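S.K.: Here it is, the structure, as structure tokens.
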Amino acid sequence: MSQQTTIRKLAELVNTPVEKLLEQLAGAGMKFSGPDQVVTSTEKMKLLGFLRRTHGKSDVSVGAVREAPKKITLNRRRLQEVTVNAGRNKTTVNVEVRQKRTYVKTPESEYHTPTKPPIELGDAERVEILRKLEESRQRNLAEQQRLAEVDRQRVEEQERKRLEEEQAELERQKTESPVVEEVPVQSDSNSVKPVSKPISEDRTRALPRAVRPAPAARPSVSRSDDRNSNSGVRHKPRGSHVIVSDEDDSARRFAGQMHLTAAERARRGSNTRGKGGGSHRGATHRGNENSIRSSGAHGFERPTAAVVREVAVGDTITVADLAQKLALKSGDMVKALFKMGVMVTITQTIDHDTAVLVSEELGHKVTRASSSDFEDALLAHTEEVHGEPVPRPPVVTIMGHVDHGKTSLLDYIRRTKIAVGEAGGITQHIGAYHVETPRGVISFLDTPGHAAFTSMRARGAKITDIVVLVVAADDGVMPQTKEAVQHARAAGVPLIVAVSKIDKSTADPQRVKNELLTESVVAEEFGGDTQFVELSAKTGVGVDALLDAISIQAEVLELKAVIEGRATGTVIESSLDKGRGPVATVLVQQGRLKKGDYLVCGTHYGRVRALFDEVGHQPLAASPSIPVQVLGLSGVPDAGDDFVVVDDERLAKDVAQQREAKRRESRLVTSAGNRMEDILAQMGKGENQQVLNLLIKADVQGSLEALKQALVALSNDDIRINVIHVGVGGITESDANSAVTSKATVIGFNVRADASARKIIEANGVDLRYFSIIYDVIDQVKQVASGLLGVEIREEIIGVAEVRDVFRSSKFGAVAGCMIIEGVVKRSKPIRVLRDNTVVFEGELESLRRFKENVDEVRNSTECGIGVKAYNDVRVGDHIECFERIEVARTL
């Protein structure tokens, strides 16, 4: 070979791409413009020394001497997750582990004497060496192909035996299901001959790993050049070791899963690699038998159809919990609710209907969750009342218009004087009494007649057996009388009409009967089924006849109840006593209520510490239809709540707490809805609406409910009554602080503030008002609300002048000669000029004269001259209207 070798020829000799060889020459400090340039032997040795230095070999050929030991520092970083206990929960923390190692290599010159310079080899010797290396490579390749053929035959034999065993097993089972047989990989049965051309890529991937031919080895000048190559695999070809690239290895692992996409193949292939990104040891160096998968291997498939979930939801649920049940992201759930017009966050609560709508919008189904175990246990308790029903006393509710004599009638029956001691002479809460008469025991409920106590009257009609409608003979049918008839009809209870005050000279019982005909209440004498009794609570006339009518009606109804077992009933009224705590007036409807019983009453529970009747006695037990006061509850229950006696306090507490949680969730849903309604309502209104904040405390729950409803009803477009807090009992320090914060007016209905509350109220100037009559509360709140409305500017016409003639003045211009036809015209008041009853100008007077004298006012039927300021178009027949603006206080 000639001494001159081009770069292209050298690249073919060392089996390296021309571009890469040019890069290596450039890295060694030699610049070449093209692959056809000549490379000398010196430049070849310089390139060889550069490659050795690059890969850490001693450059003895160049004669370089290492003065200092070589150091190499390896920095390694690893990311891992550590689970940390944080209280009751666990938190995952990302931790970065950093490792640094330094390796020091001592120069070979310290252990060996300097070697002699290498002998320069000619091109002929170099070609001989390359030829021997090529022959060695061909021998190794032939050996590898022979071993690969042996491995292939062994694998095919194993596959054939396995298929025969599976076929025999399937025949034994005689199943009718279709069987997908695994087809072994077909390969050339001929012996592998020396490869003359590379195997196609598709065929290579289809072969098992042990059968694949190794890629052609590149010829190299020496072993060090083999190490200097950029291949990712650095090992000695020995025995049956097969070099498999990462791409071929990934294809081998999933060669049988034909349904996988290329992206899934890449993803699954990447999952088998180690943390450092390299493949596992031995996966690419040894033909492992276990790693060879059959062509029939099956993988996981992603569902093609939409997944429809069916979840159970109670009355309320938070947005985050609903998203978790539906396996959705909370953000997607909030977005879907926003599209439906519901603005919520992930922590807010939505009701069952909203959950159903949004779930159907997202393609899922929602069912109503079953009742809780506690409620089921409570229901089982109520159904365990056994015994023979026996007759019980009737429960009679006295209803009617205010001041028609309901309480006076009950006083006469009970031989008491309750009406005299009531504030304002009107009843403001339900009174429950039982009276022993010659005709048996009768329980009476006295309801208020004021319009504000509608819900209280409806509650009385719900738990009663008979309604006695009291109508004054001198007043006739009034609005609350009609309302009482509607309540009785809605509750489905019989009605007895008591026409009271017949001792008055203006009494007209016949008028009452005729007016009630319009309400479909027909007396017996008119062919109806309603009993009418005329009486006087003052003289006692007709009271016995009323008791007889009640007894007859009770016998017709055949009222019965079980008097033994656990008691159940209804709360009539409740209050907070300073010395006794929460006090509830209850009416027993089934069973027997005894001292020491555990009972659940709405969201409250407790043990009966004491029982009191209406006169203050402490009975040992209360039978059906007997009202009593109960002490020992955990809080003040709402009027109208049902109570149930249970076995132990644990069950009572669990049921009460669960009910409180449900009520709180419902309240949150309602408040969220109210906030939305407030926002939408305020969008259409200006900022002129005033707000009056109120804090109401009352003696009993029924009065509190009536007060809140009556005061909130006073709101209109100009002012809104906002009740920030209501409660039963005295005004406490926390109530005073709430009033200071919200700038609210405190209303105490039959209650007073304690010393600490009074101190805060006086220090901050809070408006505190005490009341005992509901009329006064409503009137005072109306006055306060009217004061917030401010004043209204109104225009009042005080005089009209008719223009009879027009004069010209050098000083004032056009002057109108007028006759006052109505009222009085004043100089200081504004005026309007009307032409054909249409306003053409509005301004003020510049001059008002009578007989050439300036005057302040001119009265009716008097002539005068009027000069209108900045207006000269006054005509005969116009009217000049004089008016004044006055301020008028606004009222509700």
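The backbone N, Cα and C atoms fix where each Cβ goes, glycine too.
Below are the features listed in Swiss-Prot for this protein:
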type	residues	note
COMPBIAS	165-175	compositional bias 'Basic and acidic residues'
REGION	165-250	region 'Disordered'
COMPBIAS	208-222	compositional bias 'Low complexity'
REGION	264-300	region 'Disordered'
DOMAIN	391-560	domain 'tr-type G'
BINDING	400-407, 446-450, 500-503	GTP binding site
S.K.: Validating a neighbour-count step here. Other CB atoms within 10 A of the CB of T447 (GTP binding site): how many?
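M.R.: T447 (GTP binding site) is surrounded by 29 other Cβ atoms within 10 Å.
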S.K.: Tell me, how many other CB atoms lie within 10 A of the CB of I502 (GTP binding site), whichever protein chain they belong to?
M.R.: 19
S.K.: Work through the binding-site residues one by one (D403, K406) and point out the residue whose CB has the fewest other CB atoms within 10 angstroms.
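M.R.: Selected from the binding-site residues D403, K406 on minimum Cβ neighbours within 10 Å: D403.
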S.K.: Using DSSP, tally how many residues of the compositional bias 'Basic and acidic residues' (165-175) sit in helix, strand and coil.
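M.R.: Counting residues per DSSP class in the compositional bias 'Basic and acidic residues' (165-175), I get 9 helix, 0 strand, 2 coil.
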S.K.: Three states by DSSP: which one describes K406 (GTP binding site)?
M.R.: helix
